[in-house]
Each structure stands twice: as C-alpha cells, then as structure tokens.
Ligand SMILES: [Zn+2]
Ligand SMILES: [Zn+2]
C-alpha cells in the first residue's frame, strides 16, 4: 500500500455523502454541497462519540427486548406469554426448523453481532490501528447491509396479532418486549449510519473533524 | 444553470475510504471499484431512465394493490378473518404499541411508497437537464429513506407468521402476499437499473455558478 495515499481530506476537498460531488468547502460559513445542498463534512461530525452512545443505548435495550414477552396468547383456560427465544423454540418442528433458524439469526444473532462489530470498529479506530483496514471496511459494509433484517420479528408479531383475534376462543396481544426490540433495531441502524468508515483509513495524526 | 464540466465530474472521493481518484471511461454495464478498499464507485447502467420509469410505474401499481386486498386469512370453527398490511398496523395501535405501529407503517407502507414516488418524479424530471432543484431534494430523500423501505423483510415476516399460526388454525394466503412477492423483485430490479450518478449529473445545482468543484486531484 502507498505510504501517502491522496485522500480528498488531505487535499482540502470533501466528497458529498448524498450526491458524490467532490468540492472544496469554503472557509467561514458552514459549507454546503454546491450541487445538492447537503452539509459538507470531511468526516461525519462526532462520529465516534455518537456511535458509542447509540451502541450503549442499544445494548441496554437489548436486555428487555429479549427478556420481556413479545406475544401473549389468551384462551378461555388462561394466558401464555412468549419471549423472542420461546417463539423460536415453538417454531422448531420437523418441517419449519429452517424458519426457526432464520428468526433466531435475525432477532438474536444479528443485533448482538452488529453491536460487537461496531464496538470492534470503534475501538480499532480510536487506537489508530492501521491493520487490516480492508477487512474492517468489509465488516462495516456487511453490518450495514444485514442489519435491517432484524426487523423480522417485529413484522412477525404484528401480523400474528392482527390475525389471531378470535375472541373469546383465542386471541393474541403484543407484549412490552416488542417495543424494546423495535428500539434496538432503530437505534442500531442509526448507530451504523453515524459511524464514518473513512475513519478506518485515517492515521491518528491526520485526524481532523469539520 | 451550470453543467458540471466533464473534467471535474470524473473526480470521485471513495465514500468508504476517501481516496481521491478519477473514474476511467467505463463501458455500458461495466463498473469501477475503489483502488484501495474495493467499494463500488460507479456502475454504468444502460438506458437507466426508461427502465427505471417502467419498473417504478409497475411497482406503484403493485404497492397500491398490495395495500388494498387481504393478505392473510384465518379459518377456525367456521369463522373466517382476514387482515391487510394496514390491519397489522391497526392491531398494534389498538393494543397499545403505538411506537411499533408507527414503525411498521413507516417501513412497510410509507417508505416504500415514497421510494417509488421519488424515483418516478426524479426520472421524469431529469429527462430535460438541467432538472429543477426539487428533483435533487427528492433524490436526496430517496437515498436516505431507501434502507427504511422493508417490503422484503415484511414478506418474510408474513411467511413466518403464517407458519406460526398454521399450528393453531387453517391459514389462507391472500392475494396481497403474492403481489408483495412480485413487488420485492420489482423493487430490487428498480434499484438495480437506476443510476444515481447519471441522475445527479442532470440535476440543477442549488448554488449557482459561483462555486466550482475543487481543482484537486493529480
Ligand atoms: Zn451533494
Ligand atoms: Zn475506497
């Protein structure tokens, strides 16, 4: 790899994150992209701090999301509550086990994996580690691409509740866990967008924020 | 309205690593990748505007149908109940999970509708460059909202819900499920044929001629 690759920032230029135009931010007033009007930043503002805050918030939400019930089933005989994990176990049968795995991966593995990956990226960037940048940027792209799929369980619960409304025979209602789970999904998606992958390539002494 | 001149518009900064580079001429259907991190910088799409327009019109129709016909039905002890996409949102709202209801409404109905409407308006507006600045604003909204449009995830969720309920009662897949299945493919195709770089090059700049792209690069 080159010792001094020419980044846009090192030449005083900024690539617009919305339209891709490379332009030179003018000193003085807050710079805007001349083509689309988006605020120009050399790097996303307070990227590391915001991303850490959101990762920690998501981690806190992750606990009630998995411990509280997401579905309650009412029958004349009584009621039964299910957490996400219990839902996966119930879905496990000789015919539907592949779907059980999909739900498990989307609801439990992906959110947790995403938080671990973001924490790893944040720590290596803060240390100014120059190692395996290419793998790390690939990890970032994967996290951004796969992260949305953790919405799966929110949709499952929504449509199960909408359909099973056979009062007084049997009906279902969402539990408080759904709200926390939806929170995890939204907060982690915003966290990924706050992280600036260009920081992976910046050497510590060259760091500067616009 | 200034046109970005050819010399400057080949200059790109990689969105993933900020490496400054010039886009080489790319044959139709070819693509350029960042020399350092391999992020795809541009894919030259053929006949982007017409194809996007056709797919967006079809997608708009399917989205309309998918939201107006039943999606999933349930038959138990001689009773039948059907629900639609909106029905799911209403059930969540009624049961006191308003935040979740809004999120489902946004990701399953509003964001996809907006995604399609934005692209329709943009491909129509940029046919005669330079397009008005509102086309740029819509294109920007499209780029930001796209990841929140989750039709494909919702469809998988409906399938899982169907299997879950099938243990309790007879489930009847509705027309909307099949329409949504087709819509997933249409939306993927629409995103694949649309060339944002081409569209941006046809949009009028918000800042007049006063600001020019940087003269950097080597
Ligand atoms: Zn811009
Ligand atoms: Zn790159």
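Numbering starts at 1 and runs along the chain as it is shown here.
Glycine too: its Cβ is placed from the backbone N, Cα and C atoms.
Cβ atoms under 8 Å from those of the transmembrane segment (A:51-77) belong to residues 83-85, 87, 108, 111-112, 115, 118-119, 122, 153, 157, 160-161, 164, 168-178, 180-181, 183-184, 187-188, 190-191, 194-195 of the same chain, restricted to positions at least 6 beyond its ends. If you look up TrEMBL, you'll see A:51-77 (among others) marked as transmembrane segment.
A Cβ distance under 8 Å defines the sequence-distant neighbours of the transmembrane segment (A:97-125), meaning residues of its chain 6+ beyond its ends; these are 48, 51-52, 55, 58-59, 62, 65-66, 84-85, 87-89, 91, 131, 136, 139-140, 142-143, 146-147, 149-150, 152-153, 156, 181, 184-185, 188, 191-192, 195, 199-200, 202. Residues or ranges marked as transmembrane segment in TrEMBL: A:97-125 (among others).
The annotation transmembrane segment is assigned in TrEMBL to A:146-166 (among others).
For A:178-195 (among others), the entry in TrEMBL reads transmembrane segment.
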Subject >> Spatial neighbours of the transmembrane segment (A:178-195) far in sequence, C-beta under 8 Å, 6+ residues away >> reply: 44, 47-48, 50-51, 54-55, 57-58, 61-62, 64-66, 68, 70, 84, 107, 111, 114-115, 118, 121-122, 140, 143-144, 147-148, 150-151, 153-154, 157
